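Engineer: Handing you a structure now.
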Amino acid sequence: MDNERVITAVAVGSQEEQQDRAIRPASLADYHGQPKVSERMEIFIDAARGRNEALDHTLIFGPPGLGKTTLAHIIAREMGCDLKSTSGPVLEKAGDLAAILTNLEEGDVLFVDEIHRLSPVVEEILYPAMEDYQLDIMIGEGPAARSIKLDLPPFTLVGATTRAGLLTAPLRDRFGIVQRLEFYSVDDLSGIVSRACDILAIPIEAAGAMEVARRARGTPRIANRLLRRVRDYAEVKGDGRITEEIAQRALDMLEVDSCGLDGTDRRLLDMIMHKFDGGPVGLESLAAALNEDSGTLEEVVEPYLIQQGFIQRTPRGRAVTNHAWRHFGLQRPRQDGDLFND
């Protein structure tokens, strides 16, 4: 996949992460776009603080770029405690996790990103730590090996994943709070873009913010990335102010259309439409035809196309919808067995 894909929801570098951190909301009051999640977390956090207890272990899942890491930081800040961050792939050995757990203070939040990628060995250590606040570790090797238990202070594990279905049942069942993040509305994204412009001192008109939001695929990270590219365009091709016209010209230059589709999306849809007669086509066949990794298509490209109704998953594979044909101004070919042809 093109490494320069501007509308990917995956963070593409440390510089972008630093820029996103500068505009990250610091409280639930500023965490817009997920009203149900915000309401529930406010109740759970207030209740835990009222009882002077650590918040229940929390699992946050949803597509990339929707604010899982941001919510973890907000939880720690609202609870008035420190946050320690790590990720599933980093915790290769039981000792890696033990080193982190033994350095936690009472009430601390341990944030584990990509928690579905924890190794089975590390998961086994995590179970008693989550359930009983105890760490079971082995000392020595062979016949002289012995198990000792270390008491841990009450803490909150916040796990984030884009693939909740890959979590093992024992791990998933140990989370007392489970929150799913949804794609954002255009109005919510417009507010996020305007807020970022206020923080970064970028002059922007309401219509310009709305145009960026409309093409951001319901994802704040993409909205912020598009905003930076539109700002570049406005400074070079205009007077620095982001108007609706400037935003449209900049995004057209980036080949991001009015529905947020880019070249990769259009190539996938075009392949199904013209090489596979609209589908259905198996994922592996589609990946081979596009010279892409099937996992990348399934995890990165497809979710938005499915959510927007451009493709559907069937038992026989992927197929484009009538909405996709209409978007490209094409007539769906009549197939054998069709009773209706709209």
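Using N, Cα and C of the backbone, Cβ positions are placed for all residues, glycine too.
Swiss-Prot lists these features:
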type	residues	note
BINDING	Ile23, Arg24, Gly65, Lys68, Thr69, Thr70, Glu131, Asp132, Tyr133, Arg174, Tyr184, Arg221	ATP binding site
BINDING	Thr69	Mg(2+) binding site
BINDING	Arg313, Arg318	DNA binding site
REGION	1-184	region 'Large ATPase domain (RuvB-L)'
REGION	185-255	region 'Small ATPAse domain (RuvB-S)'
REGION	258-342	region 'Head domain (RuvB-H)'
Engineer: What is the maximum Cα to Cα distance, in Å and rounded to a whole number, among the residues Ile23, Arg24, Gly65, Lys68, Thr69, Thr70, Glu131, Asp132, Tyr133, Arg174, Tyr184, Arg221 annotated as binding ATP?
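Structural biologist: The two farthest binding residues have Cα atoms 37 Å apart.
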Engineer: Which whole number is the mean pLDDT over the region 'Small ATPAse domain (RuvB-S)' (185-255)?
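Structural biologist: Overall, the region 'Small ATPAse domain (RuvB-S)' (185-255) comes to a mean pLDDT of 95.
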Engineer: Can you tell which of the binding-site residues Ile23, Thr69, Glu131, Tyr133, Tyr184 lies nearest to Arg313 (DNA binding site) in space, using Cα positions?
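Structural biologist: Among Ile23, Thr69, Glu131, Tyr133, Tyr184, Tyr184.
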Engineer: If you count, for each of the binding-site residues Ile23, Glu131, Tyr133, Tyr184, the other Cβ atoms lying within 10 Å of its Cβ, which residue has the minimum?
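Structural biologist: Selected from the binding-site residues Ile23, Glu131, Tyr133, Tyr184 on minimum Cβ neighbours within 10 Å: Glu131.
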Engineer: How many other Cβ atoms sit within 10 Å of the Cβ of Arg318 (DNA binding site)?
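Structural biologist: Other Cβ atoms found within 10 Å: 25.
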Engineer: Could you give the number of helix, strand and coil residues in the region 'Head domain (RuvB-H)' (258-342) as assigned by DSSP?
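Structural biologist: Residue counts for the region 'Head domain (RuvB-H)' (258-342) by secondary structure: 41 helix, 9 strand, 35 coil.
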Engineer: What are the DSSP helix, strand and coil residue counts for the region 'Small ATPAse domain (RuvB-S)' (185-255)?
Structural biologist: 52 helix, 2 strand, 17 coil
Engineer: Have a look at the binding-site residues Ile23, Gly65, Thr69, Glu131, Tyr133 and say which one has the shortest Cα distance to Arg318 (DNA binding site).
Structural biologist: Gly65
Engineer: Would you identify which of the binding-site residues Gly65, Arg313 has the most other C-beta atoms lying within 10 angstroms of its C-beta?
Structural biologist: Gly65
